Structures are given as C-alpha cells and as structure tokens.
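Asker: The structure that follows is given in the form of structure tokens.
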Amino acid sequence: MTGGAPLGASFDPDRIAALRPQQGGGPATGGPAAGRFAATRRTWSRAGILAVAFLIVLYLIEVVDAMIDFSVDRTLGIEPREVDGLDGIAFAPLLHHGWDHLIGNTLPVLILFFLTLATGIRRGLAATAIVWIVAGVGTWLTGGENTVHVGASSLVFGWLTYLICRGWFARQIGQIVLGLVVLVLYGSLLWGVLPGQDGISWQGHLFGAMGGLFAGWVLSSDERRHRRQLRTGPLVPPR
C-alpha cells in the first residue's frame, strides 16, 4: 500500500466522540458556560418573582391600611426614641403615607430590589436585612420629636448604595458596570439623604444608604479575602 497516512493518524478521540449519538437523542450541551447561563437565568427568574411578590405585599397592606383610615401607619411606624415606636423598625418599610407615597416608590422598589437579588438570592436578602435594620435603628435614634416614619424608600436608598459600591468592594467588572448604570439612572435620589425637606424622612434615607454601604462591605468579604490571598501567595512554613 502506498500513499496512505501513518497508522492512527485519522484516530481522533474527540472527533469520534462528537460523532457518537447523544444519550436521549438531544444535542450536546455547552458545558460549563451553558451551566453558568442556566444558573444565572434561574437566579434572575427568582429575583423577579420575589421583587414582584414584595411589591404585591406592599399594595395589599396599603389596601388594608386605607380601609381603616390609614391608622396602621400611626400604630406601626417608627416613633423616634419612643419604646412604643420600636416595633416600627420591623414594620415601617412595609407602610406608606397614602397611595401617592406608595406609587412613587413602586418603580424604584421593583427595579432595585430585583437587581439586588440578581447578585445572588441569599446575598440580596442578606443585604436587604442589613439595610432594614440599620435604617430602622438609625431613624429611631435620630428622627425628629413627635414624628412617625414609614416607607420603603429607606430600602430603596440601601439597595441603591449597595449596588453602587458592591462591585468596587468585590472588584467584579460586571458588578462595577451595574453600579455605574444604577448611579446614572438613580444617583439623583441620593440628594434625599440631606436634611431640610419637609415631610421627607431624610434620616431613613441616610441610614438606609449607610446600611447599603455596610452590606456591600460585609457581603464582599469573601472576594476581598481571596484577593489578599492572591496578592500574598500561599503561606509556606519555614523548614
């Protein structure tokens, strides 16, 4: 025989594996990249469902509140430095001073809560809990005398600063880009942390924003620790 290829030259295991029929009759999957895409899609779907569900809860509470002459606001809002107002730390973000207040918060709540959860459901819920507590406690300690503070805007400010700062703390390009987009779209809201606006709980906005910064720092600790390890290298014991 002349002109033939050397023995085994046409034996390509990868090519042969690709020609074999796949189990179940379907095409081959895309490997790790496809798995990551599927996981991201599931996270986004859950984030959307949770954000919409939270918004529905806010509207249902407002319906009940409106039926009883908005007395829930006065009963369960944050009353600064009053023992009776401590329960407002838990309930104030769920309450609003009328429909205009709730409608004004609707789009920011929906978008920013979704984006916060899209960074990871558990991480997003943890960030929300941190903002909730920091905003509530800070408002209770510093709010004006004889005032009642309610509204989800404290969460909005916390989600906003969390999204802006988390990418920087974690040094993740995608998160940094997301933070810049959020800053461009909603950065003007940050003026709401300044005092002097009648009828506006600037304390809730300020401490909500501080809670978001704190959450971004705390919840990026793993990424920061990993960066430090990469810079310093593994520890080698002396011989």
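Every residue, even glycine, has its Cβ placed from backbone N, Cα and C.
Relevant sequence annotations retrieved from TrEMBL are reproduced here:
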type	residues	note
TRANSMEM	44-61	transmembrane segment
DOMAIN	90-220	domain 'Peptidase S54 rhomboid'
TRANSMEM	102-118	transmembrane segment
TRANSMEM	125-142	transmembrane segment
TRANSMEM	148-169	transmembrane segment
TRANSMEM	176-194	transmembrane segment
TRANSMEM	200-219	transmembrane segment
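Help me see these features in their spatial surroundings.
Answerer: Same-chain neighbours of the transmembrane segment (44-61): 72, 94-96, 102, 105-106, 109-110, 113-115, 117-118, 121, 124, 152, counting only residues six or more beyond its ends whose CB sits under 8 Å from a CB of the stretch.
Counting residues 6+ beyond its ends, the transmembrane segment (102-118) has Cβ neighbours under 8 Å at 43-44, 46-48, 50-52, 54-55, 58-59, 62, 96, 124-125, 127-128, 151-153, 155-156, 159-160, 162-163, 178, 182, 186, 189 in the same chain.
Using a Cβ-Cβ cut-off under 8 Å and counting only residues 6 or more beyond its ends in the same chain, the transmembrane segment (176-194) has close neighbours at 108, 112, 115, 153, 156-157, 160-161, 163-168, 200, 202, 205-206, 209.
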Asker: What are the DSSP helix/strand/coil residue counts across the domain 'Peptidase S54 rhomboid' (90-220)?
Answerer: 103 helix, 1 strand, 27 coil
